[in-house]
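Enquirer: This is the structure I want to talk about, given as structure tokens.
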Amino acid sequence: MFVARSIAADHKDLIHDVSFDFHGRRMATCSSDQSVKVWDKSESGDWHCTASWKTHSGSVWRVTWAHPEFGQVLASCSFDRTAAVWEEIVGESNDKLRGQSHWVKRTTLVDSRTSVTDVKFAPKHMGLMLATCSADGIVRIYEAPDVMNLSQWSLQHEISCKLSCSCISWNPSSSRAHSPMIAVGSDDSSPNAMAKVQIFEYNENTRKYAKAETLMTVTDPVHDIAFAPNLGRSFHILAIATKDVRIFTLKPVRKELTSSGGPTKFEIHIVAHFDNHNSQVWRVSWNITGTVLASSGDDGCVRLWKANYMDNWKCTGILKGNGSPVNGSSQQGTSNPSLGSNIPSLQNSLNGSSAGRKHS
């Protein structure tokens, strides 16, 4: 059962993103009011705003947490063409702010010449790295070589996507069989911009990212994209928020069947396709086991999707904007039964979803 709690966020404008930390006890929100707020969950389950500050000189599109082994670290990105990294500092014993925490800007990443539309930390096994994407069609990957000094970030890679970028997602798999991989979505509306999802893979030989696949069937603007946690699967699952919800599987083709030294090739299948929102879908987010997908759309609802024992994806719950459940929520979309879901456990730890627009 899902319990909904309403929070008076007190942002002065549209909230574009909601992000939970690794443990689900901290939350960050960002808004067109140029601010980020941090919320902490009390023992009673209530959320309290513990920090609020102006982060950028334009709308803040996204905010995201680093893995806690790197400390309490946030990254944000904005229409002001920058991304920023923030760290929470707790006052020392000789400080008048003893025991109190505050957030300090550690760096500003200024390489983009256009709006920075998404920012994501890499999976922790890759070290402290983050990726940004921007409206100029470039994905940039940065690394902090010294995790104790978050003011120093070096630009490691620039990936040209040829299309205005709206969202990115790292493949979270830590398997040595899988090279680092990042999916990029585009909301480019120009008539010659066809396929809106590209997947890039790191090549150990060239030490560069190369395009592995393009999802040719996704031709509508993409607002969000999310790889599912892997949990030992031999294939990858990718969710896409566009005018509907789509779930794809990417199964690696055996190396001996592909050109040596080139990027991995995949068999790509769409396994679920839902237009139940009857509107633009703005966010998709997986639970920690990669078994439940949450989506939010312009219909004002969050919908939960899960593969049943027959491996058909179905809607298992609908929450309205005020948090109340919708009766008769077992709506079905178009689902392909070829997806194997052999993980029975259902975790209730869903990441935040928010319907935010990125006018630029």
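Each Cβ is built from the backbone N, Cα and C atoms, and glycine gets one as well.
Small disclaimer: the values here were computed from a predicted structure and weren't measured.
Quick paste from Swiss-Prot:
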- 324-354: compositional bias 'Polar residues' (COMPBIAS)
- Ser179: phosphoserine (MOD_RES)
- Ser190: phosphoserine (MOD_RES)
- 10-49: repeat 'WD 1' (REPEAT)
- 55-96: repeat 'WD 2' (REPEAT)
- 111-152: repeat 'WD 3' (REPEAT)
- 160-210: repeat 'WD 4' (REPEAT)
- 217-258: repeat 'WD 5' (REPEAT)
- 276-315: repeat 'WD 6' (REPEAT)
Enquirer: Tell me the Cβ neighbour count for Ser179 (phosphoserine), meaning other Cβ atoms within 10 Å of its Cβ, over all protein chains shown.
Expert: 17
Enquirer: Would you mind reading off the Cα separation of Ser190 (phosphoserine) from Ser179 (phosphoserine), to the nearest angstrom?
Expert: 32
Enquirer: In terms of DSSP three-state secondary structure, what is the assignment for Ser179 (phosphoserine)?
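Expert: Once the DSSP labels are grouped into three classes, Ser179 (phosphoserine) ends up as coil.
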Enquirer: Kindly state the mean pLDDT of the repeat 'WD 5' (217-258) in the predicted structure.
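Expert: The answer is 89, the mean pLDDT of the model over that range.
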Enquirer: Let me know how many other Cβ atoms fall within 10 Å of the Cβ of Ser190 (phosphoserine).
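Expert: Other Cβ atoms within 10 Å of Ser190 (phosphoserine): 9.
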Enquirer: Does the repeat 'WD 3' (111-152) reach the repeat 'WD 1' (10-49), going by 3 or more CB pairs under 8 Å (6 or more apart in sequence)?
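Expert: Stretch pair does not touch.
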Enquirer: When DSSP states are grouped into helix, strand and coil, how many residues of the repeat 'WD 4' (160-210) land in each?
Expert: 0 helix, 23 strand, 28 coil
Enquirer: What else in the chain is close to the repeat 'WD 5' (217-258), if you only count residues 6 or more beyond its ends and a Cβ gap under 8 Å?
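Expert: Distant contacts of the repeat 'WD 5' (217-258): 166-175, 178, 181, 183-189, 194-197, 199, 264-277, 279-286, 288-290, 293, 295, 303, 305, 313, 333, 338-339, 343, 358.
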